[in-house]
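The next block holds one structure in the form of structure tokens; read it before the comments.
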Amino acid sequence: MNRNILLVIIGAVILCFVALDNKFPVLTQDTGSYINSGFTRDVPFDRPVLYGLFISHASWGSSLWLVVFSQALILSIVLFYYFRYFSANIYFNFFYLACLFFITFCMTGSLAASKIAPGVFGGITLLGTGLMLFAKDLTQRDYWIILSITVISAGMDVAYLITLVLLVIIYGVAALIKGKGQVPHVISVNRKRVLHTGVMAVVAWLLISMIHFLLGAGFGITRDKHISVFPRLINTGLAKEYLDQHCEKGQPGICAYKDSLNKLITVNSRLVNAALTDAQIKAFREIVPEIISQNGFARKIVKRSVIDFFLQIPKIRTAKYTQLHERSVTYTSIYKWYNSSVRETYLSRQMARWLDFWYLNYSQIISVICCLGVFILVFFNKVASRQQPLFMYVFIAYMVYAFAGALLYGSRNDFQSDIVWVLCVPVFIYLSEAGFKNSAQKSGKGLTSPQESLLI
Amino acid sequence: MNKQITPTYKNILAIITATVVLCFMAFHNRYPLIFNCDSAMYIEAANMGMVRADRPILYGLFVMFMSLHKSLWLVVVVQAMIVAFVVNCYFRYFTSAANYIPYYLSFIVLISFFMGGSFVTSWLMPDVFTPLSILCIGLLLFIEKLKLAELIVISILTVVSIAMHNSHFFICLSFTLLLLAGFAFRQIRYKYQAAGIQIKRLLFTIVLVVVSNVFLSAVHYKYSGEFKASRGGPIFLMGSFIEMGVVDTYLAENCGRKNYKLCQYRKALPNNFMWASKSPIHKTGGWEGNELEYSAIIKDILTTPAYLKTVVYNSIILTSKQFFHFETGEAGVPLETVVNVIQDYYPNEALRFMNARQSNGTLHFEFINHTQTLIVGICLFLFLLVFIYGKLTVRFRLLIIFILTALLLNAWFCGTFSGVYPRYQDRLVWLLPLPLFLYAMELAVTDNLFYSIKKKLNLLYVEKRGITD
């Protein structure tokens, strides 16, 4: 077997560390909705069905371990490509492995890959987009692999798609005005590449819409545009505020849920789809346009989103993965679709309330501080570095991702902790060249001129 | 290079220091650590001269004799001393380095303060003998020039260590047979030759493994009149098969045709089958009363391809889980049974036991667990590099393979036949940094250690596209 393929597979196994240590893939409150949607083909109201389909197919309908391994394998492939295309070192494998072990044992890379939630695809979308924008001399095979992975990853959640679109817009604008010499070289990019990435975003949007259409949920990235924004109205308090103003005591319908709206959403601000009744769905459809059309709504939601954005940026601590109740949607979905895994689920550390990430959070905070230190070093270095555009891209992508998350889901979630490990990827690429960069700088040659940057 | 011999008194001093460091966790706890309720069972069985159905009596006897019926501290000290001695042999003989003591003590400090080494040593459980049996086998295979007295001591330790726990015999036997199978392949044979592994020594080790089983059978014969070493095998396997879910399927498909006692409980089989108080095993005749029925079920499962497929698949998953499941610190607040046993057999220590951190629930392992995870990650990363880039000598590479294989076999055996529990892997995982320390020592002989590392790192900075000169 090719050594690189073997390395990627070993990397995938290492990335499954948290799941193996937990004795079962880590489950979230949302897992059940995804599993159910994958098997019943019912498109959820507030998210794309793609991750559900991914679960049902990657697991071959028999084991959630295969889902975790597939996620880890995809992440391992993308990470490998990063080092293959961005590091000028012939021993890039060494730094690829170092980075992989680092995000597994010191950051949340392994946790993201080990849970049955689409979080890991957020990071993969960012990395894949980075490859599409900056990687030089991509082979035909690698181009299509990266393109497919990024399209599918972006389709896993609306926020990832929005992130992708915003990144295309930012780099598109930079590419358009590049000729006028008004754009610093760190964010300038080849126009053809931006075009490719833009097409990729459109393909991702079309793919999800088409799948939804084929499953009878209409042509769009969510099944119902009104209901899909309802969780956000709940977690901003706007829904409660509206109902307080318009409901009279004892009034039936949506008013009956006025004080228990939070029960309709999970900790990650997603709708508990299985818990929704037809009457509720009808009521939400009626109420959401009314709330949105209120005077001052736009101002309130923008203000709240901006606050959430700033709250989201430093929110890198991972959530608590608590024991699941036997009547929870996640547990019942495992019972229904993966019945042979029920015993295994019970034996997991998570179900025994023995899954704790206190020290991982601690080391993640230290790691992020160190990474930011390198970022500052690279940005404020008098001599322009070849890796500066990549550092800038990862920084922008991190911010855009936080913005998309804040806009759609607020800040009461671990959205950012799922992708914070991407910050260390450019750092390891930088380190892979640090040795001969120094010698090159001493001799006044190579690597230091912007012409030698990652840009084509 | 001529090896300068470190004076014996320095070596003895180093072993004593290592012994003290290895007892760190017991000192920190203010008393040897106990495992609910197993430690109590070992002590009780030995003092009552009773061979239990689920475990050998030997570790209980070891505790009884080493404590001199006076203090359990003595047991921990003896355990630590044995570990210190065996590890010392590696540092003394594996490389040609003369000044091995700093490396030896550094390794002991690392495994005591940042990994589970001290915990395993300070714990009144036979788990400490698992790494000892592996280390002893390693010494017998890798070190040709052991002195006769040391060879005898190591051989005795091998026999005794293997006999301490049911799993040791199977792990060590499969391990040595796997190594023996390597002689069938020319490529591996050459590597064995280069590393100094002789077939004579390997056969001698296999004999020791078999002798340990006979020795344990003889001990059991003395106490129970039954010449049998391993006990409760079918019950453990049954418990594991239940956790795999294969027994549920088997009973659902076969209870109509076969009249098993277990059939009436098939819808209420607990995960913790062997130890749950309401487990069907206790309602249908206990461990001994069910051995025949469970053996028949196991045989049926293993000889039916459909069930066997499930077992093999689960075995792979369980092995992977167990391999990465190495959290240290399975020392909860002792149950009343344990307190009673200490009061009965070590009354003068009961108060100290009650005042220990473990008894008060103030013993925490989060820090050690995190550092252990990091160290394991670093070791696996470095081992991977060794094999990718073909670094280190054959001898070191074989030592790494030796330790990784031991960990893998241990994970396979325990995960598949007993269930995934952190203590099974924690007992061995601290062996991982050993080859790295030995290699660091070897580097220091030929060159300055830090200079050598810097040189090797510099080699990594070779660019691939001709960007620099």
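The backbone N, Cα and C atoms fix where each Cβ goes, and this holds for glycine too.
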Listed range which TrEMBL flags as transmembrane segment, given the options A:116-135, A:296-315:
A:116-135
Among A:6-26, A:90-110, indicate the range for which TrEMBL gives the feature transmembrane segment.
A:90-110
Please identify the stretch among A:63-83, A:90-110, A:116-135, A:144-177, A:390-409 with the greatest number of Cβ pairs below 8 Å relative to the transmembrane segment (A:357-378).
A:90-110
Among the recorded stretches A:63-83, A:116-135, A:144-177, which has the greatest number of Cβ pairs closer than 8 Å to the transmembrane segment (A:390-409)?
A:144-177
